[in-house]
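One structure below.
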Amino acid sequence: RGYLDNITAIGPRTVGSPENEVIAVNYLLEQIRVIERESTDAHKISVDIQRPTGSFSIDFLGGFTSYYANITNVVVKLEPRNGAEHAVLSNCHFDSVPNTPGASDDAVSCAVMLEILNTLSKSSESLQHAVIFLFNGAEENILQASHGFITQHEWAKSIRAFINLEAAGVGGKELVFQTGPENPWLVQAYVVAAKHPFASVVAQEIFQSGIIPADTDFRIYRDFGNVPGIDLAFIENGFIYHTEYDTSDRILTDSIQRAGDNILAVLKYLASSEKLAKSFEYRHGNVVFFDILGLFVLAYPARVGTIINYITAAIAFFYLSKKVLQPKPRAVHNLKKLLTAFSLTLTSWVCTLVAALMVATFVSIIGRALSWYTHFYVSVSLYGTAAAAELILVHMLAKKFFYKNVNEQYLGDVFFDASLMIWSIVLAVMTQMGLCSAFICTLWVAFPLLTKLMIHREFSQKGATIKFIVMYMLGMFVPYLYVLYLSWTVFEMFTPVMGRSGSEIPPDIVLAGFIVIFTMILSSYFINFIYLVKSTKTTLVTLTTVFVVTLILVCSGIFFPYSSDAANPKPKRVFLQHTSRRFHDLDGNVVKSDSGIWINGFDYNGISHITPHVPEINDTIRTPCEEQAPFCGLPWILPVHFMFRFVKNWYLPAPEILPRSPIQFKLMSKKLMPGNSVRLSFEVSGPSHMSLYVRPRAGSALSRWSLGDGMPVASLGGDYFVFYSRGLHAAPWHFWVELTAPEKDSDGIVSLAIAAHYFFGEDQKSPQLYALLERFPNWTFSSGWSCTYDLFVF
């Protein structure tokens, strides 16, 4: 715990700041030297400070190119006295996002790694392979330091596997949410070694689908190092992730101990494994893996899962076809009844989805989005009751008008079979698509089918008897318990994400969709009870009453979305950039300039809740888009423009800022190249963080540049984005761009803009920005910095 407290006591550790590049590095080196002095003779410890410079392109956030210079890695290698040919890597990062202490993201992981290094070094037994501990100093700058290490460091060649320690929340259990690619032996290592397992292939497939706006160093080691690994992250309480509240006191000692136990055990297992040396031989095949209530992990090869899935689906289809064909003369009649129930079930699900989404849309339109953000029960009371009530209503009407004189037991039986048929089809389709998450469908086919076969006699008895209900519930216990456990994990991850997913996506519609999906899953094998019981009016009236009362309360605004509760804050995220902009023409003359504080609310609500506290931030100062400039002429630190609507960010007029260390941007040369191309070479010097925006003019095209692999990667919208960062000091940044141009270029061939971001030091916040931030309510996390923006035409 001491390591964690000492790292976070340094304060925000932004790349390029003395806190990150000097103080944090010196602290890590001091602790490593102490560990080295106290280590046993069985081990050899080597330490290296790496300061790489490099560039790469990545398709994260719509695609952009990254350039880094002189950033910092602290690398420690623990190996047997006589050395080791192969190594396993453990990775954390000690930098933090600006204006945050970064306790969970990711100081706690670095503290855990120091403790593991200390524990392993004191062992009298040497490990078979080396363990490399990478304390990486530039992860928050979109994975730069890991790229510098895996592509440039001499020790990287020996790495056969890695464990990446990350955070998407503050404390709690660390979830294994990515493994591989392929290399099933790595999952087996975690299964065997981890003392407190928490892992899900469902989380892996959700994360890798890209619907969560985040990424980790796992991608860099996989894509640029061709190394397989395990990705772990703390997921609890993501509401304060990347905020000022991410402090060490909020991370429980039990959480740190648990993570340490798991990672130490897995690292020791890998560093002693014969498979690590021959990992190439064991690389093929994906794995289905999931933990059972955190007690143990079930893992098996995906090809075995495919066989199990298809066999399960085949047995279910055989059972259903046998039911339809008994007796043979009534086969057509039976099939019609089954297909009718099948269609009604699907119709009820569609109606349920439509009803919930209509409510979510209404709530969003009237400005009450995120009412559940601080009070999650509101989402269940609003969308859960609406979904359940609509589902019951559809089947109640079908029972009353469509199945007026049909035997109740027969209806209960046929609707059970209809649900079984739906899940069997979903199982077959998901398996065909290669989704490992199809194991959930296997549970939803196998257990209900076994239950049905065990109590088929009770199904034919009149009414839903107590014995029947008890036996039915016991048979369905396993799949229902697992889905409830899984839904908790999904909502634990997703609910906080809705507060930082930008202004484009209505969070209520997303959450309502999730709730409907889980309502459909959980109701699958209870639809038949609507037909078995005499009446569902009481249930329907109760659900409707809860829904109506909740909707009225939501509309009244009684459920405020955000909270400043000291014990459990759920802040609104707002980013403010005091900006001075200059737009130059082809001759270099300034044709337009302005200054203001550019304000972005990071969620769907924009600043509607802030206006009463800061009246000048209102709809009269919405940001106009400069159509002729790349990225609308705004100083985006990252290409997240697609996450924000221009009706939901604001530009408050403010005095011009004059940084003490202004950016220097020079065109060094203009050279005609073969193939009717022009090469423009530039030199830039400025603060530690800069953004370059490029837009070829009409008739021109960007063909090559000196960044990444040489091939320009466009962002969403067609403009090009380059993210630059450096360590404490770096030489001026030199780069060139090459454009194919028309013979006549009287209007220029390219618009090129550069923004300088001041995240720390004396230039970070102007007096006006300080004064504005002071007026923001205490339920916000308002992160502010100064920046300049210059647009040129060449």
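Glycine residues also receive a Cβ, built from the backbone N, Cα and C atoms like all the rest.
Since the structure is predicted, the reported quantities are computational estimates derived from the model, not experimental observations.
Positions annotated as domain 'Peptidase M28' by TrEMBL: 73-266.
Mean pLDDT for the domain 'Endoplasmic reticulum metallopeptidase 1/1-A TM' (335-555) in this predicted model: 91. According to TrEMBL, the feature domain 'Endoplasmic reticulum metallopeptidase 1/1-A TM' maps to 335-555.
What TrEMBL records for 569-792 is domain 'Endoplasmic reticulum metallopeptidase 1-like C-terminal'.
Annotation comment: TrEMBL describes 292-320 (among others) as transmembrane segment. Away from its own ends, the transmembrane segment (292-320) comes close to residues 173, 184, 187-188, 190-191, 194, 196-199, 285-286, 338, 417, 420-421, 423-424, 427-428, 430-431, 434, 436, 438-439, 441-442, 445-446, 449, 453, 481-482, 485 of its chain (Cβ-Cβ under 8 Å, at least six residues beyond either end).
For 341-370 (among others), the entry in TrEMBL reads transmembrane segment.
If you look up TrEMBL, you'll see 376-398 (among others) marked as transmembrane segment.
Feature annotation from TrEMBL assigns transmembrane segment to 468-489 (among others).
The transmembrane segment annotation in TrEMBL covers 509-533 (among others). Same-chain residues lying 6 or more positions outside the transmembrane segment (509-533) and placing a CB less than 8 Å from one of its CB atoms are 345, 348-349, 352-353, 356-357, 359-361, 364, 372, 379-380, 383-384, 387-388, 391-392, 395-396, 399, 403, 408-409, 411-413, 415-416, 418-419, 422-423, 444, 448, 463-464, 476, 480, 483-484, 487, 490-491, 494-495, 498.
Annotation comment: TrEMBL describes 540-562 (among others) as transmembrane segment. Here the transmembrane segment (540-562) has long-range neighbours at 359, 363, 366, 368-375, 378, 381-382, 385-386, 388-389, 392-393, 396, 570-572, 605, 609, 779-780, meaning same-chain residues at least 6 beyond its ends whose C-beta is under 8 angstroms from one of its own.
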